[in-house]
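Chemist: Feature table excerpt (Swiss-Prot):
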REGION    73-155  region 'Zinc finger 1'
BINDING   Cys73, Cys76, His149, Cys155  Zn(2+) 1 binding site
REGION    287-391  region 'Zinc finger 2'
BINDING   Cys287, Cys290, His384, Cys391  Zn(2+) 2 binding site
Amino acid sequence: MAYKGWNSDSFSMNSELFNEILLYAHLDSSGIDSDDLNTNPNTLENEINSVEKTLNIEELKKITTALNIDNRCNICSIINICLRHETDKMWIYDYALLCYKCNAAPRTPLAVVIIATEFMQLIQKHFLNINFDGLFLNNILSILDFHVHFFINRCFSNTNDDLLHNENITLYHMAILKSLLLEDESIPNIRIKKFKLKGKPTKKQHGNAILEKQTLPLNTHFTHLIFYMWAGTNIFDRISLTDLAIKKRQILKAIYSTKNELNCSAGPILLSQIPISITKNATSSVCLLCELMTSSQKNFDLLQFIYTSVINYCQNNLKMIDRIQFVLANLLDLARIYTNVKTTSDCSKIVLANEQEFSNSDFVIDCHSFLILKQVGPVGLYKHFFCDPLCIANIKTIKPHILFYTTESCILQDFKVAICYQNEYLNSVEKHVWLAIHFFKAFQVSKLNHKNKTLISDFLKDFTQLLADQNFEIVDPTFTIHYYV
């Protein structure tokens, strides 16, 4: 079957490749918290846990080698091997389409796992004579390699004039991730103003008519994978998914690996742009609404309908949270899915069946989207639409007409060739803006010591101005940075 990109037909909860990627997106369990160790350090149990914590830090250091600026990109190395062994151009054309889709995708855990799985499927499909087994098992690849290649450094994109400017952005971006994973007490001190002054917006140089031919909708439905990925974690703390969490744990444990006991309570957190599992004031570090809009056209349209309805709800000066509550109540009352979906018990069977659906000329809502709206509630919608710069950057980035569509079969190959030779992957959000946003998110999940408090104060002055310059319509980040995650 011809590769079309972002096609859920090639994904399932039982897929060995998909589950292997999920497995290696989990961190190992770290025993007890370091604060507990300090309370009573002399017990045998705490000594054992201290050793385990040391071993886990060593494992993290191994994983985070992908975040060293002077370390090779392992994805690029694999691509180089493939280019030397290909007998035709079919592989590179498929890879170009994958990059084209990636460029139109938001930065979400679901997007990362789709990109990683499709990349692995492509190299296995095109190079039967090369053994790609054990890439994760033998530490040749890690999940962070996909972050670096496709999202942080964007190795596939065409270069700008200032190579060292780009190098420094990548360096600082990786330093933030590394400090979070290694639980450093302080975040790297980054002056975003110098990047703001040097950053140059990319402009489209030329067009190609065939790139406008994506007119056929793909049968894309990834929503069930969201529930599978995050079942049994605090991301779904209002929705019980016990059976699904047990099924996932059994499947992952059956995969041969050298990993220790998985931290299942955090889930596949290495897929997240901010790999820290935390909840705060009815929000979580993984935004389920960003995941939802990544999953299908109908879910993207549903969120667009909710946003438009909130903005246009009435002419009175209602607060946004009140508008959201009224719109959400009206929508759920109209759909009435809640009459058949009881969220007081385990919802695993409901997720797997997904039998209830309501649609009209404005939106479609099914059991999956209903449960996610139930989980996030009005506060989650408020944070997603109006407060979180990462969510708003994702909304600006996603291009559903690229992500969820394909061309007619007769021109699909020409379409891939056009992408490859045009080699133009334009940013909706510039790299220095992504860096600043991830700096912001790092402050949200880090411990507030004296040094970090000083950094936050200086950072917010520049960050607020940067968002204004980039036309981010957003609630004052000074509120969000301390109140949500």
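Note: Cβ is positioned from N, Cα and C throughout, glycine not excepted.
Note that this is a predicted model, so its numbers are computed, not measured.
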Chemist: Using other CB atoms within 10 angstroms as the count, which residue among the binding-site residues His149, His384 scores least?
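Modeler: Each of the binding-site residues His149, His384 was scored by Cβ atoms within 10 Å; lowest is His149.
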Chemist: Determine, to the nearest whole angstrom, how far the Cα atom of Cys76 (Zn(2+) 1 binding site) is from the Cα atom of His384 (Zn(2+) 2 binding site).
Modeler: 34
Chemist: Hey, how far is Cys155 (Zn(2+) 1 binding site) from Cys391 (Zn(2+) 2 binding site), Cα to Cα, in Å?
Modeler: 23
Chemist: To see if you understand the setup: which same-chain residues, six or more apart in sequence, place their Cβ under 8 Å from that of Cys287 (Zn(2+) 2 binding site)?
Modeler: Thr108, Gly380, Lys383, His384, Asp388, Leu390, Cys391, Asn394
Chemist: Please report the number of other Cβ atoms within 10 Å of the Cβ of Cys290 (Zn(2+) 2 binding site).
Modeler: 24
Chemist: Count, for each of the binding-site residues Cys155, Cys391, the other C-beta atoms lying within 10 angstroms of its own C-beta, and report the residue with the smallest count.
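Modeler: If we count Cβ atoms within 10 Å for the binding-site residues Cys155, Cys391, the smallest count is at Cys155.
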Chemist: Sort the residues of the region 'Zinc finger 2' (287-391) into helix, strand and coil with DSSP and give the three counts.
Modeler: 72 helix, 6 strand, 27 coil
Chemist: Can you list the residues of the same chain, besides Cys287, Cys290, His384, Cys391, whose Cβ falls within 8 Å of the Zn(2+) 2 site's Cβ centroid?
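Modeler: Here the non-site neighbours turn out to be Leu288, Leu289, Lys383, Asp388, Leu390, Asn394, Ile395.
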Chemist: Please report the three-state DSSP label of Cys73 (Zn(2+) 1 binding site).
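Modeler: Once the DSSP labels are grouped into three classes, Cys73 (Zn(2+) 1 binding site) ends up as coil.
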Chemist: How many Å lie between the Cα of His149 (Zn(2+) 1 binding site) and the Cα of Cys290 (Zn(2+) 2 binding site)?
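Modeler: Given the Cα positions, His149 (Zn(2+) 1 binding site) is 21 Å from Cys290 (Zn(2+) 2 binding site).
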Chemist: Give the sequence-ordered set of same-chain residues, not counting Cys73, Cys76, His149, Cys155, with Cβ within 8 Å of the centre of the Cβ atoms defining the Zn(2+) 1 site.
Modeler: Asn74, Ile75, Ser77, Ile79, Asp145, Val148, Asn153, Phe156
Chemist: On the three-state reduction of DSSP, what should I expect for Cys155 (Zn(2+) 1 binding site)?
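Modeler: Coil, per DSSP.
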Chemist: Including all protein chains displayed, how many Cβ atoms other than that of Cys73 (Zn(2+) 1 binding site) lie within 10 Å of its Cβ?
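Modeler: Around the Cβ of Cys73 (Zn(2+) 1 binding site), 15 other Cβ atoms lie within 10 Å.
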Chemist: In Å, rounded, how far does the Cα of Cys73 (Zn(2+) 1 binding site) sit from the Cα of Cys290 (Zn(2+) 2 binding site)?
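Modeler: Between the Cα atoms of Cys73 (Zn(2+) 1 binding site) and Cys290 (Zn(2+) 2 binding site), the distance comes to 27 Å.
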